[in-house]
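To start, the structure under review is shown below, and the notes come after it.
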Amino acid sequence: MAHPHLLAERISRLSSSLEKGLYERSHAIRLCLLAALSGESVFLLGPPGIAKSLIARRLKFAFQNARAFEYLMTRFSTPEEVFGPLSIQALKDEGRYERLTSGYLPEAEIVFLDEIWKAGPAILNTLLTAINERQFRNGAHVEKIPMRLLVAASNELPEADSSLEALYDRMLIRLWLDKVQDKANFRSMLTSQQDENDNPVPDALQVTDEEYERWQKEIGEITLPDHVFELIFMLRLQLDKLPDAPYVSDRRWKKAIRLLQASAFFSGRSAVAPVDLILLKDCLWYDAQSLNLIQQQIDVLMTGHAWQQQGMLTRLGAIVQRHLQLQQQQSDKTALTVIRLGGIFSRRQQYQLPVNVTASTLTLLLQKPLKLHDMEVVHISFERSALEQWLSKGGEIRGKLNGIGFAQKLNLEVDSAQHLVVRDVSLQGSTLALPGSSAEGLPGEIKQQLEELESDWRKQHALFSEQQKCLFIPGDWLGRIEASLQDVGAQIHQAQQC
């Protein structure tokens, strides 16, 4: 076997050659190439005139000496037009019912069948055997067929509960194509002088028969790690819970796993990685509604679980909660104690701030969070002058909740221990405390836990950075995963600054 990274580079260059002159069809070419290299079938859905047949023709050039067969189905198509005419000579001389298959589907490596759902039962039944077993019954004997890729196309989906569903289920990869959208690409397409039938692939990049056969065995040796299987099973369970989710047969799941193995193999890896699971978005949908649903569920899986994003956020939440508990315990020791002034004959007890409290704005921590003015509050900012006046003369006192917005009216009092206590509408109280010294930093317990969490985050990010070098995964999906990991990293960093 060639060095894995050299193989990945070769397949990337092969795909680039196949994509030349085809605009906004890179993803379709790459998945069709992956299907061809792993012996799977593809269904292309889209309106006429969007290069569906050209995609199939291009794939012929991925292989040395590959033969192609393409046919436009109609309601009147006969098996002879797809599988070859009957041999009159064999029937006449020997009484044998045998087809002349040269130039037809049974002898082609690349097959393109347009308007596939118009095929009659006789064609469909033979086609199912060809896809499932790679065999063709020709008269009294069974012939092995060399088909590596079947591309079926239509501008419509098969009718539900029809005889076509069995064939549709065999189409592992399903791609929904549309017209060229980008203005620059549209102009380039209009003005291109390239002959679409020219071979764009250098001989050195084409796949030989020996390589293809060897790769089929090596694809099967790619492992499925436990954590990747758990992600697949999580997706399956989630789909089973959704009433509008499409039915996915065990056969389709099994074939999809082989496609993931092929993705890993041709990306230079020895095991399936979470990033390969994005391919399932093109394997599990049935119609327009399920296409969106499948993409949403896989997006949740990739941005929330595949690299432990949600698990790390849950751990972070527990660490932050523990830090709050420690701060509240510390606030008992650092509760702000005001000084009682003399004047026993005064109608109102007067207080003043300690002499060491000199800041013009005071930020005081709540021993326990309270809901004040419809906000969960953990600290209050007071103007020192306003607090001093309230301690001396009483009246109304206002403070900024969590240090933001306008100062809000507060229910504040001094308790018997000469501590400031703020109360909510239900008169639940929370003692106000001076924040700890910034030099103290995070408690050792919290600091260690955050460092361990940051280390785990770095490992997950490094794994993703290594795995994302996958030709078959669109860049926008990789961008969303990167953003989800960066968000987790930012939240960890923010907690470390507290």
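Placed from the backbone N, Cα and C atoms, the Cβ positions cover glycine too.
According to Swiss-Prot, the protein carries these features:
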type: BINDING; residues: TYR23, GLY49, ILE50, ALA51, LYS52, SER53, LEU54, GLU196; note: ADP binding site
Other residues, Cβ within 8 Å of TYR23, GLY49, ILE50, ALA51, LYS52, SER53, LEU54, GLU196 Cβ centroid (ADP site): LEU22, ARG25, ILE55
Maximal Cα-Cα distance (Å) across residues annotated as binding ADP, namely TYR23, GLY49, ILE50, ALA51, LYS52, SER53, LEU54, GLU196: 14
Binding-site residues (ILE50, ALA51, LEU54), the one with most neighbouring Cβ atoms at 10 Å: ALA51
CB within-chain contacts under 8 A for SER53 (ADP binding site), separation at least 6: GLU70, PHE112, ASP114, ALA153
Sparsest-packed among the binding-site residues, when each Cβ's other Cβ atoms within 10 Å are tallied, from TYR23, GLY49, LYS52, GLU196: GLY49
LYS52 (ADP binding site) - helix vs strand vs coil (DSSP): helix
